[in-house]
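*Asks:* Please see the structure below; I have some questions.
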Amino acid sequence: MPSLFAQSLAIIATLQATLGLATPVSAPDTVIGKHAGGYVNAVYFTNWGIYGRNYQPADLPASQISHVLYSFLNLSNNGTVYSGDSWADIDKHYPNDSWNDVGTNVYGCVKQLYLLKKANRNMKTMLSIGGWTWSTNFPAAASTAATRSNFAKSAVTIMKDWGFDGIDVDWEYPADDVQATNMVLLLQAIREELDAYAAKFAQGYHFQLSIAAPAGPANYNKLHLGDLGKVLDYINLMAYDFSGSWSNSSAHNANLYAIRANLNAPFNTDHAVNDYIKGGVPASKIVLALPIYGNSFQKTNGIGKPFSGAGDGSWENGIWDYKVHSKAGADGIYDDGDKGYYSYDPSVKELISIDTPDITKDKVTYLKSKGLGGSMFWEASSDRSGSQSLIGTSSNKLGGPDSTENLLNYPDSKYDNMRKQMA
């Protein structure tokens, strides 16, 4: 999963394959195989977002969210999973936190997320492990039964200590068949450890297991899709970063289709979704991951044209948060064929490909028509509020998020206040 562009620049090698053309599905909201609890409406929350971005757990639109994917935890090559920022995760004292509590207690984002869970019983929290920057040790961590067991046990230990509802693995990406096989074995080990913990301390509760998955065929063709579909609850298909500063021409960041050949679109969401389903992943387990940011192109004559440079960004060059992307003098252009949107300023020749509420509605209509599991967003701090919120737009179009309840009772947590449910 991104940091996003410092990481995305390294994806150049994955952006070589060209997808075939796709025919759009019909527009009506045809619902196929809807989950009993409703649709997923998940979002990544980054622990580094509490710093410069000043985006705190309490800022999450919790009532509109089914899953918060808390990113990221790190891992060692022996499989041990650990906090990459303990101050943000468990130490930071928020305004209502006491400095005089007795015992061993957890604070930071972990406590704040638990309090959100108590107030919003349909919001589940997932520990997200890895990400683009911290995927280096996955091959070693997944390579033996011992390291896989170490990963599973250490991940589940943190999960129960922190009061979370599941684990999300973000391995970017298995490089060959051996690693793809080991990925499945790692996930199976995690599933077994989750079930063993539930049997002992949370009988009847199902801890969830998901992964972040690539939308580029050069990466997903290496995966054992059918096996992943069996062991996982959800596959969050990262249908974004289809183009960027590494590209040869400006293009959509996250288009649904690629029916206009002149746009030089290297990827499209529909092609990836169909390939995952053909590969054996149940459609209901595919969650469509959407961007809350835009990629920019400088000195270009329009979409599908050459460009020179990525320009500035909100936090990294070439990436604009959705909430601040609007530029004076730029025209907004909705591509009804490929289902993409971009702004273009002819005076400075700047193009920014970004999703909007209308595009989000199109994508929710699409995922419903395909029988997919729901939506996921990267990442929370980039969104707007109110009617312009992409997370909120998705939630409303889905009919509200998945209503299955979270877990509040963690009797085996090492933290006194977690065992007491923050009473």
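Just so it is clear, glycine is given a Cβ too, placed from its N, Cα and C backbone atoms.
Pasting the relevant annotations from Swiss-Prot:
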- Glu172: active site, proton donor (ACT_SITE)
- 413-423: compositional bias 'Basic and acidic residues' (COMPBIAS)
- 39-401: domain 'GH18' (DOMAIN)
- Asn74: N-linked glycosylation site (CARBOHYD)
- Asn78: N-linked glycosylation site (CARBOHYD)
- Asn96: N-linked glycosylation site (CARBOHYD)
- Asn248: N-linked glycosylation site (CARBOHYD)
- 380-423: region 'Disordered' (REGION)
- 1-22: signal peptide (SIGNAL)
*Asks:* Would you kindly list the residues that approach the compositional bias 'Basic and acidic residues' (413-423) from elsewhere in its chain, counting only those six or more residues past its ends and only Cβ-Cβ distances under 8 Å?
*Replies:* 101-106, 111, 114-115, 118, 160-163
*Asks:* In sequence order, what residues of the same chain, 6+ apart, have a Cβ less than 8 Å from the Cβ of Asn78 (N-linked glycosylation site)?
*Replies:* Ala140, Ala141, Thr147, Asn150
*Asks:* Please name which of the recorded positions listed here, Asn74, Glu172, Asn248, is nearest in space to Asn96 (N-linked glycosylation site), Cα against Cα.
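*Replies:* Considering only the listed recorded positions, the nearest one is Asn74.
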*Asks:* How long is the line from the C-alpha of Asn248 (N-linked glycosylation site) to the C-alpha of the residue listed as 'active site, proton donor', rounded to the nearest angstrom?
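*Replies:* Cα-Cα, rounded: 23 Å.
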*Asks:* Including all protein chains shown, what's the count of other C-beta atoms within 10 A of the C-beta of Asn96 (N-linked glycosylation site)?
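*Replies:* Its Cβ shell of radius 10 Å holds 8 other Cβ atoms.
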